[in-house]
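All remarks here apply to the structure that follows.
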Amino acid sequence: MRRTVKEFRQAKGQRLVYLTAYDYPTARLAQEAGVDAILVGDSLGMVVLGYSSTVPVTLEEMLHHTKAARRGAPDTFLVADLPYLSYATLDRALFAAERLLKEGGADAVKLEGGEEVVEIVSGLSRAGVPVLGHVGLTPQTASQLGGYKLQGRRPEEAERILKGALALEEAGAYGVVLEMVPKELAKEITERLSIHTVGIGAGPHTDAQVLVFHDVVGLYGDFKPRFVKRYLEGEKLFLEALSQYVREVREGVFPAEEHSF
Ligand code: KIV
């Protein structure tokens, strides 16, 4: 059964599992595996569309993939990312959220930033849109943070991230993603918030965890951040299978009698 926003609001201390998925087959597998929530992350720009960052991802692309993921996982809570600049003003954020919830079938939206986005998060929350926050490494503005690096090592950075997370809770977010921060900071934020934290590269103390589908199953080349645990060497297995298909067609092994009418 699809979980409700209220259940997520009351999920403090539960070890919830989020996983990204971007289309019908990956969402179907995520649901079958029993995840608590699917995130149609704008990481799709990198792992599915081949962009070098999440910046180029458009609302139309998010919508296209959210609809497909929803078709694959009708019974799973689904969060869709608001793409870069689609929440630069409250009007734009409401427009984007409306499309992702009504047309895409999402249950909630996620956006990046701390204190600088609280007005947007309050506005969305007032309008009845469930919002998941995201602080620490925020990929849409990674360049301003010096790249895809651990955030919050310096005390003033840690303070900014903590304040951001507290402000998001105050503004009505139902949860907050903590990306690439030291585990001690993630622990402190998790203890200070009454909403659940969702960690990625944030150690074991967050309430929930999230990983990118393609990282988990080894479908994103050789790139493997330290915080990723790869549960399958997917590319290797796919490549073996595809190479065998190519060989068998060339050698006249496929199609065999049992594949023919
Ligand atoms: O876009 C994404 O997949 C994300 C997760 C890494 C949290 O934001």
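Every residue, even glycine, has its Cβ placed from backbone N, Cα and C.
Caution: TrEMBL annotation is automatic and unverified by curators.
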Looking at TrEMBL, which one out of LYS6, LYS12, LYS110 binds 3-methyl-2-oxobutanoate in the same site as ASP42, SER43, ASP81?
LYS110
Determine the binding-site residues, out of ASP42, ASP81, GLU112, lying near ligand 1 in the sense that the CB is under 6 Å from one of its atoms, and give them in sequence order.
ASP42, ASP81
Could you list the residues of the same chain, at least six apart in sequence, whose Cβ is under 8 A from the Cβ of ASP81 (3-methyl-2-oxobutanoate binding site)?
LEU39, VAL40, GLY41, ASP42, VAL57, MET62, VAL109, LYS110, LEU111
Once the chains shown are all counted, how many other Cβ atoms turn up within 10 Å of the Cβ of ASP42 (3-methyl-2-oxobutanoate binding site)?
30
Additional residues around Mg(2+), ordered along the sequence, whose Cβ is within 8 Å of the centroid of ASP42, ASP81, GLU112:
GLY41, SER43, THR54, VAL57, LEU82, PRO83, TYR84, LYS110, LEU111, HIS134, PRO139, GLN140
Round to a whole number and give the Cα-to-Cα distance in Å for the pair GLU112 (Mg(2+) binding site) and GLU179 (active site, proton acceptor).
10
GLU179 (active site, proton acceptor) and SER43 (3-methyl-2-oxobutanoate binding site), Cα-Cα, nearest whole angstrom:
13
